[in-house]
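A.B. asks: According to TrEMBL, the region 'Disordered' annotation covers 1-30. As annotated by TrEMBL, transmembrane segment applies to 56-73, 93-123, 135-154, 185-204, 211-233, 260-277, 298-318, 349-369, 401-423, 429-448, 469-488, 494-516.
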Amino acid sequence: MSVTKQRPSAADRDIAPSNALQSDFNANDDGDSMDADERYLRALGYKQSLHRQWKFFESFAASFAALYSVGGIRTTFTIGVGAGGPAAYWSSYVITCVFVFITAAVLAEVCSALPAAGSIYFWAAESGGRRYGRLFGFIVAWWSTTAWTTFVASNCQAAANFLLSEITVFGLNFPTDPTDIRFRAVQWIVSEGILFLAIGMNYMDPKTYKTIFRVAVGIILLDFVLNMVWLPIAVSRSYGFQDAKYVFTQTFNETGAPPVWNWMLSFYVTAGILVGFEASGHISEETQNASVVAARGIWWSAVASALIGFPLVILFLFCLPNLDTLYSLGAPQPFVEIYALTLGQGGHVFMNVICIIGLIFNTTVAGVASSRLIWAVARDGVLPFSGWISQVSAKKEPRNAIIVMHVVASLLLCTILASPVAFTSLVSAAGVPTITAYALIAFGRFFLTPRKFQHSPWSLGKWSRPFTFIALVWNLYLAAVLFSPLYFPVTGATFNYSPVIFAAITLFGLLTYWLTPEEKWLPAARLGKVHQLEAEYE
């Protein structure tokens, strides 16, 4: 007796996998051969392709080390204290902490329901529902991959500036003016070398990389302790402390902006310090019990980064000299000269080495998040050569995605050679796409899919909806600040190119959305299937 093979229905074709890394919703898989993480991932539409060896510490470290709030405060301190003065800086930091906790809690809840690599763009796609999900996914994919890869490049330049500041400290006969092509050439070479070293660690096997996570966290804590203990002792023996009135009440206007907006611009720095805590979500497919552990990693890394940052902000306000002295320092990174003035020649060299090592490990951990994001987008087939990029090694690592990230970051660093404005303009947009992605996810969750994923393992319960709305408003406000010029009146030299670069990135997202066939990437039926599965589970 012959059996006629039935053709798949249109609905079945809509949710069929488009590549080998996606799961088949129509297949009857043997659940007995899978653990809970793999079954959950398959329900989200993907097969287990990466290793899954990491636990809570690695999840926490992925975000904590990627944020590196100690280094972020130090690198941007002179900008922050000039916008509104000390009073604006510390108060804005406190306000930022409160709203970062709320945003992190909202994203942790989403991550708990959707623990997939690439996290933030997948969350955006799901938050948009069947009608807007593909659009949100395409736009945030471009926003987030650009932001993380640019961040990797900018970190390398920051580390190079710490090293090259020794030219000024030791009085060497070589320029440190960014307008001098000789300095920029050396800065570029050093930055590329640091990038090679930092990203080179990403090729280590997952078991070995656990050590990298531990060293990264250890360096950050050592950096924090040395600043909290050693710096005030050294300041007391040199030029002395600022008084409490200066720290808690002094205001400045070094931006030239109207008084109220000048104060608001202090958020320009504090927002950039505490962003990127979704990195735990990027490695969720490599994390055991991801629906709980990755969510906890997001939340606790944001809390820990903010809490160690606040005493450091107060300490630096007490310990650093007045603005006239601060702005007169000629090194590419003024903090190196501050350490030289207070800790002495040998002491400042040791402290500078800690700063540079911290930034290198900050970069390598950020590279982990960036490469997983690129791999996840390639897995869904949107990138050129997606089949090659999404391949994994024998040890189940996305090595080709790491190569792509390395090449793109290296090319971004080449803009240092063009002019001092070119690279600065590119990195100025690093934080904006991530902040706007947070806002878009909150918008989708609040207005488009308000009743989806209410019973995730890590849940906010009745606080979910109000927190989501607060996260939306807060991140929209931050985006407005980050789009603003930092110095007034606005000229060609002081123009903030972030809106222009952001618009170009968004345009690429829209073009790929319009030009990519639905069946090739993020078909609405597959997005809707996740919501259907969750509804059936409930």
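Every residue, even glycine, has its Cβ placed from backbone N, Cα and C.
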A.B. asks: Are the transmembrane segment (429-448) and the transmembrane segment (349-369) close enough to be called in contact, which here means at least 3 C-beta pairs under 8 A that are separated by 6 or more residues?
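C.D. replies: No, the stretches stay apart by this measure.
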A.B. asks: Per the 3+ Cβ pairs under 8 Å rule, pairs at least 6 apart in sequence, do the transmembrane segment (298-318) and the transmembrane segment (93-123) touch?
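C.D. replies: Between the transmembrane segment (93-123) and the transmembrane segment (298-318), which are separate recorded stretches, there is contact, as judged by 3 or more close Cβ pairs.
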A.B. asks: Does the transmembrane segment (494-516) come close to the transmembrane segment (260-277), meaning at least 3 CB pairs under 8 Å for residues 6 or more apart?
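C.D. replies: The transmembrane segment (494-516) and the transmembrane segment (260-277): touching, no.
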A.B. asks: Which sequence positions outside the transmembrane segment (93-123), separated from its termini by at least 6 residues, show Cβ-Cβ distances below 8 Å to it?
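C.D. replies: For the transmembrane segment (93-123), the far contacts come to 37, 40-41, 44, 46, 50, 137, 140-141, 143-145, 267, 270-271, 273-274, 277-278, 280-287, 290-292, 294-296, 298-299, 301-303, 306-307, 309-310, 313, 372-373, 375-377, 379, 434, 437-438, 441-442, 445, 452-453, 456-460, 463-464, 467-468, 470-471, 474-475, 530, 534.
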A.B. asks: Assess whether the transmembrane segment (135-154) lies in contact with the transmembrane segment (349-369), where contact requires at least three Cβ pairs under 8 Å among residues 6 or more apart in sequence.
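C.D. replies: They are in contact.
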